[in-house]
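Peer 1: Per TrEMBL, transmembrane segment is recorded for 12-36, 56-75, 96-116, 136-155. Taken from TrEMBL, the feature domain 'Tripartite ATP-independent periplasmic transporters DctQ component' applies to 30-158.
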Amino acid sequence: MTSILTSLHRLLRVLSTVALWLSAAGLVAMTAAVAWQVFGRYVLNDTPSWTEPISLLLMSWFILLGAAVGVRENFHLGLDIVRFFAPDRMARFMDGISLVAITGFGIAMAWFGWTLVVGTWSATIPVLGIPGGIDYLPLVVGGGLIALFAVERLVGMIAHPREDIVAAKTAADLEAH
């Protein structure tokens, strides 16, 4: 059982790294598209029409991929003051409830995102000439990854009961000194 969890953890680490790199590439590409739009508008007096829709599409991808990585790495902001002063069992319970809620949110995002993809696939994004459903694919992929990474953390919390609490409180203690 432990070897299966270790293998899955490694696979999800690779998936997370790929998502992070794709997110970074999307941010760079979006920045380049916006820079080209500004250059075209103010220097060439000819605004490229494709830059705005492609920027919005890239933004959707890098935000949702980055959000999924944030779930896996536990980088999202949270109100930890109550959790920090709570007894370990209560803090773990709050973590579990939070991860279950995040999993549900990711599943809902993927499910309803898929509904949007299917419903808008026959439409075309005029300037880009691609199916309209592509606009909603980031919801499906990002939601799926959010749910997957939250489940990974939940399983890790159950398989290794004391690690998260001890690490969090130790880090907070180090920052206090």
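Going from the start of the chain as shown, residues are counted 1 onward.
Each Cβ is built from the backbone N, Cα and C atoms, and glycine gets one as well.
Note that this is a predicted model, so its numbers are computed, not measured.
Explain the structural surroundings of these features, please.
Peer 2: Panel annotation: around the transmembrane segment (12-36), residues 48, 51, 54-55, 58-59, 61-63, 65-66, 68-69, 72-73, 145, 148-149, 152 of the same chain, lying at least six beyond its termini, place a Cβ under 8 Å from a Cβ of the stretch.
Residues 12, 16, 19-20, 22-24, 26-27, 29-30, 33, 102, 106, 128, 134-135, 138-139, 141-143, 145-146, 148-150, 152-153 of the same chain sit 6 or more residues outside the transmembrane segment (56-75) yet have a Cβ under 8 Å from a Cβ within it.
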Peer 1: Using a Cβ cut-off of under 8 Å, list the residues of the same chain at least 6 residues beyond the transmembrane segment (136-155) that approach it.
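Peer 2: Same-chain contacts beyond the ends: 5, 8-9, 12, 15-16, 19, 57, 60-61, 63-65, 67-69, 71-72, 74, 96, 99-100, 102-114, 116-117, 120.
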Peer 1: Mind looking up the mean pLDDT for the domain 'Tripartite ATP-independent periplasmic transporters DctQ component' (30-158) in the predicted model?
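Peer 2: Mean pLDDT for the domain 'Tripartite ATP-independent periplasmic transporters DctQ component' (30-158): 94.
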